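Structure first, then comments.
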Amino acid sequence: MANLWRGVIREYADRLNVTDATPVVTLGEGGTPLIPAPALSARTGANVFVKYEGMNPTGSFKDRGMTMAISKAVEHGAKAVICASTGNTSASAAAYATHAGISSVVLVPEGKIAMGKLSQAIAHNASLLQVQGNFDDCLDIARELSANYPVHLVNSVNPDRIDGQKTAAFEIIEQLGKTPDFHFIPVGNAGNYTAYHRGFREFADAGLATHVPRMFGFQAEGSAPIVLGHPVKNPETIASAIRIGNPASWELALSARDDSNGYFGALSDAKILEAHRILSAEVGIFVEPASAISVAGLLERSAAGEIPAGSTVTVTVTGHGLKDPQWALRTDDGSDVQPTVVPVDVAQIADVLGLVKGTA
Ligand SMILES: *Cc1c(COP(=O)(O)O)cnc(C)c1O
């Protein structure tokens, strides 16, 4: 067992708000791959690496924060946790809560959460309620319930979440053996943007990183409050994980941008889907739509001449493609791909594939 990854709390205990008295609730999160992406390097002239957070136990980076939030909740004697969620937080909270033997309540916007995520939360025994409102309404209610009832809030307004999520930045520096020049990341509540900056800043201050990378965050055009400078009442985008009109970590994220000479941009759903296709078909990494916006952002900033050739660029893709797989089948005219049906016949199949007889 000696060399097995032990989850982010045990791996980074000295940098997290835990003590020997903290019961560690872990599913082995973190330690995700940092994958060189030659196809993206070729398109941009930079050296591009993808941090594949879909490889966490419940399929998104939320697990890094949730191991902390649930461990601290259990340390404080909580018997139940609550969260508002666009999907992945609920899947993660439900899994970690049930592992710890406590119960979870999740509030999701009615009809707005991807099937994979809904299935996870239900499978992991959450009390899941669909609220007839949007994510921001769900968060308001979760906050009020946790203030007045015996349920512990595990949304990213809980500082333990951001604390746990910063470990991804530590891993990037350790995996790369140096500090990237730019880091690209999707932005919803902006907790993860804030967390990566914090991780990079901590390593820089400790002399473990040479600098803080420029933090480039991206919101969907129909859901871009930080870029617009005001909340968006009815946020819209196919990227459900970042369909957020009033980010909980807005102020923290602005400080992180300023400290890192960073940037926030907004991109259309069409650009998100284009990046999704590039990641799937050229790099070999399957993500949910929200995750692809960081790649879309890299391609857009590169086209704008903002990424010097030879820069080292890391890109976080936040959640697994199996969470919300339908987008992979969608074609430009809006219909779904229908795989060709063939008879049980070698010659006919070779013909359909355009294969000519002879050995390779
Ligand atoms: C939660 C989530 C985001 C957004 O992260 P924030 O911390 O809310 O900015 C992006 N992508 C996926 C897949 C997520 O689950």
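Placement of Cβ uses the backbone N, Cα and C atoms for every residue, glycine included.
What TrEMBL says about a protein is an automatic prediction, not a curated fact.
Record features, source TrEMBL:
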type	residues	note
BINDING	Asn88, Gly188, Asn189, Ala190, Gly191, Asn192, Thr318	pyridoxal 5'-phosphate binding site
DOMAIN	25-319	domain 'Tryptophan synthase beta chain-like PALP'
MOD_RES	Lys62	N6-(pyridoxal phosphate)lysine
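Where TrEMBL records a feature, it is marked here on the structure.
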residue	record	Cβ neighbours (10 Å)
Lys62	N6-(pyridoxal phosphate)lysine	34
Asn88	pyridoxal 5'-phosphate binding site	33
Gly188	pyridoxal 5'-phosphate binding site	29
Asn189	pyridoxal 5'-phosphate binding site	26
Ala190	pyridoxal 5'-phosphate binding site	29
Gly191	pyridoxal 5'-phosphate binding site	26
Asn192	pyridoxal 5'-phosphate binding site	29
Thr318	pyridoxal 5'-phosphate binding site	28
Annotated pyridoxal 5'-phosphate contacts Asn88, Gly188, Asn189, Ala190, Gly191, Asn192, Thr318, maximal Cα-Cα distance (Å, integer): 15
Need the DSSP three-state call for Asn189 (pyridoxal 5'-phosphate binding site) to compare against my parser. coil
Taking the centroid of the Cβ atoms of Asn88, Gly188, Asn189, Ala190, Gly191, Asn192, Thr318 as the pyridoxal 5'-phosphate site, which other residues of that chain lie with their Cβ within 8 Å of it, listed in sequence order? Phe61, Ser156, Pro186, Val187, Tyr193, Ala241, Ile242
Quick note, Thr318 (pyridoxal 5'-phosphate binding site) and the residue listed as 'N6-(pyridoxal phosphate)lysine': C-alpha atoms separated, nearest Å, by 8
Distance [Cα-Cα, Å, rounded] between Asn192 (pyridoxal 5'-phosphate binding site) and Lys62 (N6-(pyridoxal phosphate)lysine): 9
Please state whether DSSP places Thr318 (pyridoxal 5'-phosphate binding site) in a helix, a strand or coil. coil
C-alpha spacing of the residue listed as 'N6-(pyridoxal phosphate)lysine' relative to Ala190 (pyridoxal 5'-phosphate binding site), in angstrom: 13
Here the Cα-Cα span from Lys62 (N6-(pyridoxal phosphate)lysine) to Asn189 (pyridoxal 5'-phosphate binding site), rounded to a whole number of angstrom, reaches 12
